[in-house]
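Chemist: Below you'll find the structure I mean.
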Amino acid sequence: MEESVKLKEIIEVEKQYGAFYTGGTVLWTNDGNFFLCRDEEKINIISIKSLEVERIIGTSQEGSEDVIYTFVLTMDDEYLISAHRSGLLKLWDFNSGELKKMWKNLHSGPIACLQYSQEQQLVASGGADSMVRIWDFKNQLCKGTLKGLQGVVSVIIFHPIQNSVLAVADDYKILAWCLETREILKKFVGHISRVTSISFSKDTKTFISSGRDKVLILWNYNTEQQLRTIPVYEGIESALVLNHNLILPNGIRLDDETKVYVASAGEEGIVKIWQMNDSKILYKQESSVISRATEEGGLAITQMLFNQKLQQIALVSVDHNIIIYDFHNFSCSKQLIGFTDEILDLCLMGKRDQYLAMATNSNDIKIYDTVTMNSKILKGHTDIVLSLSAYKNYLLSGSKDNTVRLWIADFDKFEFECIGIGAKHTNTVGSVDISKTHADFFVSVSQDQCLKLWKFPKESYKIDTDMLCINTQLAHEKDINCVTISPNDKYIATSSQDKTAKLWDSSNLKLLGVFRGHRRGIWTVRFSPIDQVLLTSAADCTMRLWNLSDMTCLKSLEGHESSVLRCEFISNGMQIISSGADGLIKLWTLKSSECVQTLEQHDNKVWALALTNDGKKMFTGGADSKLIRWRDATEEKKREELRIRQEECLQEQELNNLLSQKKLLKALKLALRLNKPKLSLKIINTIIRNKDEGLEETIEGLSDFHKQALLQHAVNWNTNSKNCRPAQLVFNIMLNEILNGKYRVEGLGKIIEDALPYSERHFKRMTEYLKDLKFLEYTMRCMKPYGDVTMK
């Protein structure tokens, strides 16, 4: 069995997924191909087709403190202007990402919003200093400062055709200024709370405003009058005027040119379509991926974007997700998860393990298609989801809301439904597992110290059916961290903070044995896929292997320097992969009890680890919000090493043939190309001893590439006093060529820095030898007369 299993030696990163949106401004390009998302000191350009970061504008260096507050894109998608913590405004070429210009923003505080005018080719900036400044961004010229607001400026919009700009701040008054005279033209007073958006109608005679005072107001721009005030009974974060000739999902056509149609989104987490002139609601979104705000006045949707070309609406949620809906039927087209927060658990499901379920610091479960990275958000739990387990198209979840939920997936439609809820625990459900051979039962453990056995519901059950708990055991004295079912479904194992693991009969939850030996709480417990062995990992930085027949410890694996949070068997139970609280992942071989490889990509606790059934790929996630896909590169690396060795053998044979044929120049070139310092030294010594061909003539016949390599080899030889003569001869010839301009060396400073200390040492030694020779010569001359007398 062991001979048929190929052990893993090298695991490498295939893809890393991190946060691309951490809050703030989101923009959608006019062609509908990209989202622009703020991420601290950079702007990520997200391709909607691949759902990945296409490129980055701004700095991506760690430790940079020049955070971007907000940004705006020109209507032709050519330029991007960003406002920074450093007090600078920066102009970027959107397509190349090149920084074109930067200048001081003249505000006495941070900039809260930016707006662009296509007609006037101007940018307006609104700051925390209550000022609005108008910029000719191509010439970095401030064309005026608009005063009159109080508080932080929250919204700015240019009038579509008139030479004016509107803005509002914390005093809730919408002011309009003339751009030429910088005088206040109009005041629109009506809101009693923060104004969140302003949008002009197509005829530009009216505009709408929304706010957290739960009203939409239709204004006449010329008369400053409120034409309609509609109570919407929710705080509105975003509202925009819709174009005519759009068709709503309920069949209503927005074709009346005299009416103003508005889409609004706010704390209820849904989109509503209004006909403002008659105060009518025409459409209300029936179901939404975004949850309603948890408290009165809270946030659910923070931004709404409409793309005219694609006829799609994008909603940005408070938990940094971007949901794209087709406008004609409001079906969810794509979901982008901008920030995952702390990843607590992962599990793979579906054919060929194509789908990845993720539990994060959220009430929602995130599902990824690992091929396209399209995502789905499952809502149902009312508190943070901590644990996941899957079997075929079933997904089981446990949460801090004291419940377990069973979901069924339709992978063809990429849809999930909750078919059962188990609400028998009295505290947080920390771990769950589904039976391995058939969908017969599942188990859960909780901080109430109980182990529960549940009956699997039938598919014919209704949605959200209460599931039947068929057995309960008070399993441990402290919180239970993990539960797992054996591959044959006969046994159940649990681990706890009470430093023990326990073995149970799955048919009746009878206690079969207790595993004692860890000095701290046990985080994970796993059954071997082929042997009667149990694996545990604990906060005492060790893992232990136990014999299931007599509960004795077979082996202890030490190597982690912090708590071992997760462990799994791989390679048919012959190896172990483990993750620690220090962010390290280790690969172990059980036969030798040695750590084969340590992976260091994570920066914090690695809570989650999921393996594909074939063992070729692995996903990890942790407290650093990174999701990393790994692959087994052992065979690939071995093939590459074999190919390199074969090439080296052929080249060395060719080199030996050249040496035997005394083709020293060709042999030297080959030795330099193969980077063989010893062989090149041998050839140089042969050339020095050879009277027919000189060293200088040989070096002159080399190309610049070979001369550079020869110089590096000479530096290597120079470190050994035995080889200092050929090294110094090469240095002498090469320095003469450099001084004569025949050769220009790269990295000359580094070469001199490496060669000079040894050269000084050799010179000092040779000087001492010369002194000794002179002293010996002097001594012999002094002794010569006496020698002559003695001889006589």
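A Cβ is built for glycine as well, from the same backbone N, Cα and C atoms used for every other residue.
Checked TrEMBL, it gives:
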type   : residues : note
DOMAIN : 652-783  : domain 'U3 small nucleolar RNA-associated protein 13 C-terminal'
REPEAT : 61-102   : repeat 'WD'
REPEAT : 104-139  : repeat 'WD'
REPEAT : 188-229  : repeat 'WD'
REPEAT : 378-407  : repeat 'WD'
REPEAT : 473-514  : repeat 'WD'
REPEAT : 515-556  : repeat 'WD'
REPEAT : 557-598  : repeat 'WD'
REPEAT : 599-640  : repeat 'WD'
Chemist: Six or more residues out from either end of the repeat 'WD' (599-640), which same-chain residues have a Cβ under 8 Å from its Cβ atoms?
Modeler: 6-19, 339-348, 352-353, 356, 358-359, 370, 565-568, 570-571, 577, 579-587
Chemist: Report the DSSP secondary-structure composition of the repeat 'WD' (557-598) as helix, strand and coil residue counts.
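Modeler: Helix, strand, coil within the repeat 'WD' (557-598): 0 helix, 25 strand, 17 coil.
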Chemist: Go through the chain and flag residues at least 6 beyond the ends of the repeat 'WD' (188-229) whose CB is under 8 A from any CB in it; none is fine as an answer.
Modeler: 154-155, 157, 159-162, 166, 168, 170, 172-176, 235-241, 243-244, 257, 260, 262, 264, 266, 274, 276-277, 279, 297
Chemist: What does DSSP give as the helix, strand and coil breakdown of the repeat 'WD' (188-229)?
Modeler: 0 helix, 23 strand, 19 coil
